[in-house]
Amino acid sequence: MASLYQRFTGKINTSRSFPAPPEASHLLGGQGPEEDAGSKPLGPQAQAVAPRERGGAGGRPRFQYQARSDCDEEDELVGSNPPQRNWKGIAIALLVILVICSLIVTSVILLTPAEDTSLSQKKKVTVEDLFSEDFKIHDPEAKWISDKEFIYRERKGSVILRNVETNNSTVLIEGKKIESLRAIRYEISPDKEYALFSYNVEPVYQHSHTGYYVLSKIPHGDPQSLDPPEVSNAKLQYAGWGPKGQQLIFIFENNIYYCAHVGKQAIRVVSTGKEGVIYNGLSDWLYEEEILKSHIAHWWSPDGTRLAYATINDSRVPLMELPTYTGSVYPTVKPYHYPKAGSENPSISLHVIGLNGPTHDLEMMPPDDPRMREYYITMVKWATSTKVAVTWLNRAQNVSILTLCDATTGVCTKKHEDESEAWLHRQNEEPVFSKDGRKFFFVRAIPQGGRGKFYHITVSSSQPNSSNDNIQSITSGDWDVTEILTYDEKRNKLYFLSTEDLPRRRHLYSANTVDDFNRQCLSCDLVENCTYVSASFSHNMDFFLLKCEGPGVPTVTVHNTTDKRRMFDLEANEQVQKAIYDRQMPKIEYRKIEVEDYSLPMQILKPATFTDTAHYPLLLVVDGTPGSQSVSERFEVTWETVLVSSHGAVVVKCDGRGSGFQGTKLLHEVRRRLGFLEEKDQMEAVRTMLKEQYIDKTRVAVFGKDYGGYLSTYILPAKGENQGQTFTCGSALSPITDFKLYASAFSERYLGLHGLDNRAYEMTKLAHRVSALEDQQFLIIHATADEKIHFQHTAELITQLIKGKANYSLQIYPDESHYFHSVALKQHLYRSIIGFFVECFRIQDKLPTATAKEDEEED
């Protein structure tokens with residue numbers, strides 16, 4: 001019966017599907033009390049042998065049976081005279097042994113490093129910790145509003161205006177008022193007279209939401225509802241201030257409304273919207289998720305006199321229907337436009353309207369280029385009050401054109417063109433302009449030798465009386481500029497973030513924009529335990545806010561730009577630091593592995609009580625889409641932390657071919673063969689770990705979500721060096737299983753246009769891989785209302801698993817979206833994943849052979 005019980009197909013797990021987590025010592029190879037109590041009694045000989053055999057490989061018990069011969073029994077029955085004992089010799093021998101043992105013990109004590117006894121007093125990280133206030137990182141969301149002032153939100157909830165030079169603080173909004181309004185978000189008007197609050201906010205997709213908005217005079221004014229003239233108590237899709245005074249816009253039913261100042265009636269300036277079909281100033285699903293990476297698709301001119309907005313038309317895009325199973329007798333569906341690989345894409349156009357005087361709508365003209373028959377708009381940025389920069393990307397995503405458009409005529413002039421044999425990466429990043437708009441800085445891929453291209457800063461300068469621009473590189477090297485922050489014309493300096501130190505780090509640099517282009521690291525060794533940063537500058541660049549994101553607990557400090565002097569700490573997250581100090585946090589190590597011509601980074605998480613003599617289970621986590629990064633020095637406390645701290649597992653991550661920030665050669669290796677090279681690199685990482693004596697080779701697992709779920713499922717059947725199973729179990733959360741079922745912009749970027757050559761799509765199907773699954777435990781988790789990766793992917797996968805008689809479990813979340821916005825659902829999700837791996841890593845008692853044979857005979 002045991003073999004039949006172990007092999008099941010189609011079991012749907014609930015919260016009770018996983019047993020109570022065993023102690024960490026059980027995962028390390030010890031036997032838990034439950035197993036001791038439940039084990040079958042053994043005969044005298046088996047009991048005598050078992051303790052001697054318990055120290056075998058992996059710490060698992062072995063059982064031996066020894067047949068007794070007739071001679072043995074005769075020896076026991078025949079009596080004999082006992083020999084005379086030499087008591088003096090025995091005493092001397094015992095004394096010598098005692099002295100030797102004492103010397104050995106003394107040597108061990110003297111030579112062994114002192115153990116951190118404080119670890120035993122520290123708690124282990126739990127799932128509850130992930131959601132507790134003690135572990136909640138507070139981001140003050142500081143925003144510069146002048147040369148010397150910024151606005152931020154303190155931990156208690158109040159909104160503060162702070163002057164850097166005088167160090168004076170003014171409370172703009174009391175935290176109690178925000179609580180009374182049940183506000184989720186706030187925004188202060190540029191003149192600091194009014195605040196805009198949103199409440200009853202409901203998420204739509206990853207970034208978008210709907211909600212009710214009110215305006216309130218600072219500091220104690222009564223709230224007044226923000227509504228279109230024709231509707232009261234309206235639920236808006238967006239509301240936000242402009243760059244000057246009290247001007248604001250809001251979007252209702254995909255139409256744009258403008259209000260010159262608070263108290264004046266709003267007017268509808270764009271009225272072509274159609275709910276769910278034609279979007280004005282907002283992204284549809286595809287643009288929000290894959291192109292702009294934001295729900296906002298409108299952009300104010302610097303002086304507030306004009307507004308650029310995108311019109312996205314989904315009328316020709318096929319409809320996808322998300323079912324809702326609960327809450328009604330009959331299931332209902334929510335339709336929305338979702339373009340899959342090869343299907344019709346949304347069309348997009350860019351418009352500019354004047355906000356002073358009669359509304360005049362002007363469309364910006366796309367490039368007249370046959371390669372741009374179908375295109376995306378990936379970036380919009382105002383250069384001056386009348387010039388707007390636009391990046392146009394063809395559907396194949398291998399040709400982009402950066403233009404500068406005249407907002408008064410709609411004519412666009414090409415400023416730069418880029419082309420790739422694979423795909424173009426980082427196409428939604430904004431350039432930084434000089435005040436007159438004649439000079440701008442942007443990031444592009446520049447050849448740097450054998451490792452391919454790296455992303456560096458280029459300056460483009462317009463020449464008087466010439467149609468040609470002067471192009472010059474500001475930075476170079478085998479590292480990437482990750483973001484241009486700002487340009488200081490007065491000092492001829494450019495400020496940016498880069499990976500020059502290490503790919504897994506981010507530091508703040510400045511570079512001269514004239515002469516030698518000399519650069520300087522501003523954040524290196526500036527703050528302790530801070531190697532991964534982001535930053536923002538005051539309007540005149542005299543001061544900057546430095547946000548340390550790791551490896552230590554995140555902090556925010558304010559510095560003088562000239563001498564980097566720390567002026568004060570804005571947020572130290574002291575309660576998180578204390579909570580971390582009181583917990584057994586994982587030890588983090590970094591290594592590199594050599595795969596063909598590449599040196600790939602690995603990150604290893606070990607238990608705080610790690611010792612080389614124990615045996616630990618191993619979990620490989622594969623995550624992130626091509627161009628992303630899993631190995632970094634950012635601070636994180638996740639469910640993986642719980643698995644390491646509370647359950648004694650070792651977790652490993654590896655940035656293999658296809659990952660970002662290591663050159664375009666490595667990035668583009670995966671083109672048209674997703675999964676193939678990633679499997680090789682991730683398996684090399686596993687093989688490297690299996691060479692370590694402290695890794696239990698019989699307890700190895702893999703996990704991934706989204707694209708990582710595709711990879712984890714792809715990797716799970718992989719064989720080891722002896723053609724045996726490498727992985728004991730694996731799990732995939734919301735896996736992509738067939739790229740022709742996924743978003744057009746994503747699939748076509750890496751596999752080419754579907755319909756022209758479908759071989760890459762067929763080769764990357766998971767159906768070809770899961771047939772090789774044998775007895776590994778496989779947990780699939782998916783929300784039924786997942787708007788990003790439809791449950792259809794999992795349904796197709798399960799069909800193949802059933803055909804292959806695979807050993808799988810399915811856990812669904814009815815009517816839940818992709819991003820699990822509910823805290824309760826996230827807790828349940830994390831417990832389910834942890835519980836699955838704890839059970840997978842449990843060391844089962846090996847029954848004696850005779851007992852096993854009896855079970856088989858009973859079957």
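Each Cβ is built from the backbone N, Cα and C atoms, and glycine gets one as well.
For C405 (disulfide bond), applying a Cβ distance below 8 Å and a minimum sequence separation of six or more within one chain yields L350, M364, M365, K387, V388, A389, V390, V411, C412, T413. The secondary structure of C405 (disulfide bond), as reduced to three states from DSSP, is extended strand. According to Swiss-Prot, the feature disulfide bond maps to C405-C412 (among others).
DSSP assigns C521 (disulfide bond) to a strand in the three-state reduction. Its Cβ taken as reference, C521 (disulfide bond) is surrounded by 15 other Cβ atoms within 10 Å in the chains shown. Annotated disulfide bond per Swiss-Prot: C521-C524 (among others), in sequence order, evidence recorded as similarity to another entry.
If you look up Swiss-Prot, you'll see C530-C548 (among others) marked as disulfide bond. Around C548 (disulfide bond), the same-chain residues six or more apart in sequence whose CB sits under 8 Å from its CB are V527, N529, C530, Y532, V533, P554, T555, V556, T557, listed in sequence order.
The DSSP secondary structure for C840 (disulfide bond) is helix. The disulfide bond annotation in Swiss-Prot covers C729-C840 (among others), and the record cites similarity to another entry as its basis.
The C-beta environment of N167 (N-linked glycosylation site), restricted to residues of the same chain at least 6 apart in sequence and closer than 8 Å, consists of M567, F568. If you look up Swiss-Prot, you'll see N167 (among others) marked as N-linked glycosylation site, on the strength of a large-scale study or a structure entry.
Secondary structure at N168 (N-linked glycosylation site), taken from DSSP and collapsed to helix, strand or coil, is coil. Annotated N-linked glycosylation site per Swiss-Prot: N168 (among others), in sequence order.
There are 17 other Cβ atoms within 10 Å of the Cβ belonging to N313 (N-linked glycosylation site). DSSP assigns N313 (N-linked glycosylation site) to a strand in the three-state reduction. Look at Swiss-Prot and you will find N313 (among others) tagged as N-linked glycosylation site, backed by a large-scale study or a structure entry.
Following the DSSP three-state reduction, the secondary structure of N398 (N-linked glycosylation site) is coil. Shown in sequence order, E419, S420, E421, A422, W423, L424 are the residues of the chain, 6+ apart in sequence, with a C-beta less than 8 angstroms from the C-beta of N398 (N-linked glycosylation site). As annotated by Swiss-Prot, N-linked glycosylation site applies to N398 (among others).
Positions annotated as N-linked glycosylation site by Swiss-Prot: N465 (among others).
DSSP classifies N529 (N-linked glycosylation site) as coil under the three-state reduction. The Cβ neighbour count for N529 (N-linked glycosylation site), using a 10 Å radius and every protein chain shown, is 12. Sequence annotations record features per position, and here Swiss-Prot assigns N-linked glycosylation site to N529 (among others).
What Swiss-Prot lists as N-linked glycosylation site is N560 (among others). Annotation note: N560 (N-linked glycosylation site) sits in a strand segment as assigned by DSSP. Applying an 8 A CB threshold to same-chain residues 6+ apart, the list for N560 (N-linked glycosylation site) reads D542, F543, M567.
In three-state terms derived from DSSP, N807 (N-linked glycosylation site) belongs to neither a helical nor a strand segment and is classed as coil. For N807 (among others), the entry in Swiss-Prot reads N-linked glycosylation site.
Annotation comment: Swiss-Prot describes 1-63 as region 'Disordered'.
Look at Swiss-Prot and you will find 1-89 tagged as topological domain 'Cytoplasmic', backed by sequence analysis.
The topological domain 'Extracellular' feature in Swiss-Prot is assigned to 111-859.
Sequence-distant contacts of the transmembrane segment (90-110), counting only residues of its own chain at least 6 positions beyond either end whose CB sits under 8 Å from a CB of the stretch, are absent. Annotated transmembrane segment per Swiss-Prot: 90-110, in sequence order, evidence recorded as sequence analysis.
According to DSSP, C548 (disulfide bond) is assigned to a strand segment. In this structure the alpha carbons, written CA, of N807 (N-linked glycosylation site) and C521 (disulfide bond) are 53 Å apart. Using Cα positions, the member of the recorded positions N168, N313, C524 nearest to C729 (disulfide bond) is identified as C524. In this structure, C412 (disulfide bond) is part of a beta strand by DSSP.
Sparsest Cβ environment among the glycosylation sites N168, N807 (other Cβ atoms counted within 10 Å): N168. Least packed by the Cβ count within 10 Å, out of the disulfide-bonded residues C412, C524, C530, C729, C840, is C524. Per-residue pLDDT, averaged over the topological domain 'Cytoplasmic' (1-89), rounds to 43.
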